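Take a look at the structure below.
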Amino acid sequence: MTALLLPAPILIAFATAILAFLFRGGREGRWISVAGSAVMLVAGSILLVRVLAEGPQAAQMGNWPAPFGITLVADTLSAVMVVITGITALAVSVYALSDITAEMEDLGYHTLFQVLIAGVTGAFLTGDLFNLYVWFEVMLISSFGLLVMGGRRVQMDAGIKYVTLNLISTVLFLSGIGLLYGVTGTLNLADLHYAVAGADEGLVTVIACMFLVGFGVKAAVFPLFFWLPAAYHTPAFSVSAVFAGLLTKVGVYAMMRMFTLVFTQDTGFTHGLLLWVACATMVTGVLGAAAQSDFRRILSFHIVSQIGYMVLGLALLTPLALAGAVFYLVHHIIVKANLFLVAGVVKRIAGDTEIDRIGGLYRGAPVLAFLFLIPAFSLAGFPPLSGFWAKYVLVAAAMDLRMWVVAGIALAVGLMTIYSMTKIWGRAFWAPHPGAVVPRLSSLPPGDRVALLVPIAGLAALTVAIGLFPEPFLRIATRAAEELFDPTAYLTAVLGERS
Amino acid sequence: MEFLMALMVGALVSAAVYLMLARDVLRFLFGLVLVSNAANLLIFASGGLTPEAPPLVPEGLKAPPPDVANALPQALVLTAIVIGFGLFAFALILIYRSYQTMGTLDSDRMRLAEPEGRD
């Protein structure tokens with residue numbers, strides 16, 4: 001049963017991709033994509049329930065025993081990430097019913113989208129380092145295709161920066177894998193946990209730094225984030241929503257996994273470095289956003305800023321801080337994907353994403369204004385929305401360690417996030433439209449209105465639900481953090497009992 | 001043997017860095033190809049080089065004798081080469097299409113997605 005449960009979400013996404021490819025000439029692909037995402041969400045949820053009930057689950061692919069074969073393993077963090085991937089995939093595939101043009105469908109949008117989801121899910125579930133590299137590549141190549149699909153000039157420009165910088169990070173990651181294998185002779189993550197203990201500490205720290213840079217580019221931390229604000233505002237809105245929600249978070253996840261399970265021998269150096277990286281990421285991201293005036297570019301810089309919070313949780317390396325980071329990951333994926341979806345509707349009814357060229361949305365489309373306010377305030381950390389609890393836990397963890405400066409930076413960055421959100425609110429929603437038109441939701445065909453607004457409302461409802469009833473979510477995050485902090489259960493699930 | 005390999009990896013990386021510092025994105029891509037080959041060689045060497053000892057199981061035994069070459073890094077390198085080939089084919093086409101649509105390969109003049117000085 002477990003042997004089937006673990007690969008199921010990946011296989012479902014791949015099967016959906018193949019089906020969508022077979023039907024790419026017609027309009028059935030979009031419904032296949034929606035159905036496939038829904039089934040994948042169900043499979044992920046079953047996995048999460050199982051993990052919560054019985055602890056980490058592992059399955060050896062091809063019946064090769066660990067550490068020789070490829071292991072798929074799900075602890076609480078992995079299972080939660082798979083579920084949130086399913087939620088994002090479902091929301092975006094519903095949104096794509098209206099957002100993606102027939103031309104892009106013919107080019108194979110739904111296939112690439114599902115391959116991307118399969119890659120993301122695989123990266124969350126694998127227990128093998130080289131396999132993680134392969135999933136990263138699956139994710140990367142499909143994201144390349146999605147980013148430049150349509151072939152507008154601005155997409156080409158963005159594509160070059162995105163592709164080249166991500167390829168550099170891939171090479172660094174690959175070299176790190178090679179060196180780590182040379183030092184330890186194993187690639188299984190659980191086995192590596194034991195193997196690095198016997199290796200030369202200095203050498204392992206050097207390798208850890210290669211991983212830090214490799215994953216740092218993927219996660220878009222300071223000073224490696226420049227590809228992100230150059231690229232995320234150019235593709236279709238569905239594409240940028242799923243990128244914003246999931247892609248950088250895979251980098252953060254990989255960092256959290258490697259720097260709690262494998263690279264923990266010199267935490268004073270590696271995690272001390274991460275701490276300052278995290279602070280610089282928070283500050284530069286939010287300052288970058290303040291200088292922008294395009295809806296999606298503001299949001300892109302805020303992704304960078306928010307990544308800093310998650311890395312901060314990892315850098316502090318206490319159970320509470322890790323719980324904060326996990327909670328932040330989940331909150332951020334929901335909120336950020338939602339804000340990009342809202343940006344898409346704004347573009348449709350007001351004609352632009354440059355906030356100086358639009359306006360009057362509050363008057364013309366109060367429902368949309370309300371749906372923007374929820375994720376925007378959640379992002380800034382207003383109680384009682386999900387972002388408040390995420391920031392609260394992280395700041396509390398920093399104060400527990402008496403790191404007043406770090407806690408202060410985290411709070412100040414929260415305040416500056418409000419500045420950007422009110423800038424969008426003031427200019428795009430409150431100020432009158434410079435063209436003296438009143439953008440209205442009723443200008444959209446009824447079918448499109450449903451397809452666009454249902455995912456936005458659903459994700460907003462989820463944000464409110466997490467905000468009002470944080471208790472069960474915090475409990476799951478705490479449990480995920482405890483498993484990261486003390487990986488005994490993970491190691492036992494993969495390798496069996498060890499004396 | 002390992003020493004020669006290390007020298008070669010070093011030479012490839014330095015050539016790659018030199019190429020990647022160019023503003024011309026095509027030269028950048030060539031640099032990237034070189035550095036990814038350096039990474040492949042590095043994985044190959046990290047498994048330990050044992051010439052003249054193929055990883056074969058002699059008849060009648062269940063496992064190969066202890067001193068044979070490690071076959072795993074070669075499998076890893078093979079995977080990495082295939083993936084790298086796909087990625088670079090894509091990157092080359094992307095650069096070609098960009099040259100067609102933007103009319104330049106100079107990365108300093110690629111400012112469409114991030115226009116300068118508008119504030």
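Each residue's number is its place along the chain shown, starting with 1.
Note that Cβ sites are derived from N, Cα and C of the backbone, with glycine treated the same way.
Whatever TrEMBL says is automated annotation, not expert-curated.
Among the features that TrEMBL reports, domain 'NADH:quinone oxidoreductase/Mrp antiporter transmembrane' is placed at A:127-413. Annotated transmembrane segment per TrEMBL: A:6-24, A:31-52, A:72-95, A:107-126, A:132-150, A:162-183, A:203-228, A:235-256, A:268-291, A:367-389, A:401-419, A:450-469 (among others), in sequence order.
Proximity of the transmembrane segment (A:401-419) to the transmembrane segment (A:450-469) is not established, fewer than 3 Cβ-Cβ distances being under 8 Å for residue pairs spaced 6 or more apart. When each of the listed stretches A:107-126, A:132-150, A:203-228, A:235-256, A:367-389 is scored by C-beta pairs under 8 angstroms to the transmembrane segment (A:268-291), A:203-228 comes out highest. Here the listed stretches are A:6-24, A:31-52, A:235-256, A:450-469, and the one with the most C-beta pairs under 8 angstroms to the transmembrane segment (A:132-150) is A:235-256. The stretches the transmembrane segment (A:235-256) and the transmembrane segment (A:367-389) do not meet in space: the count of Cβ pairs below 8 angstroms, excluding pairs fewer than 6 apart in sequence, stays at fewer than three. Taking Cβ pairs closer than 8 Å, the transmembrane segment (A:6-24) reaches residues 32-33, 35-37, 39-40, 43-44, 47, 57-59, 61, 72-74, 82, 85-86, 89, 105-106, 108, 110-115, 117-118, 121-122, 125 in its own chain, all 6 or more past its ends.
If one looks beyond the transmembrane segment (A:162-183) by at least 6 residues along the same chain, the residues whose Cβ comes under 8 Å of a Cβ in the stretch are 129-130, 133, 136-137, 140, 143-144, 147, 192, 196, 199-200, 203-204, 206-207, 210-211, 213-218, 224, 226-227, 230-231.
Here the transmembrane segment (A:107-126) has Cβ contacts under 8 Å with residues 6-7, 9-10, 13-14, 16-18, 20-21, 24, 29-30, 32-33, 36-37, 40, 44, 70-74, 78, 81-82, 85, 89, 92-93, 96, 100, 132, 134-140, 142-143, 145-146, 149, 236, 238-239, 242, 246-247, 250, 253-254 of the same chain, all six or more residues outside its ends. Long-range Cβ contacts of the transmembrane segment (A:72-95) within its own chain (Cβ-Cβ under 8 Å, at least 6 residues beyond either end) map to 6-7, 9, 13, 30, 33-34, 36-38, 40-45, 47-48, 50-52, 55-59, 61, 110, 113, 117, 120-121, 124-127, 189-190, 237-238, 241-242, 245-246, 249, 253, 256-257, 326, 329-330, 333-334, 337-338, 341, 344, 451-452, 454-456, 458-459, 462, 476-477, 479-480, 483-484, 489-490, 493-494.
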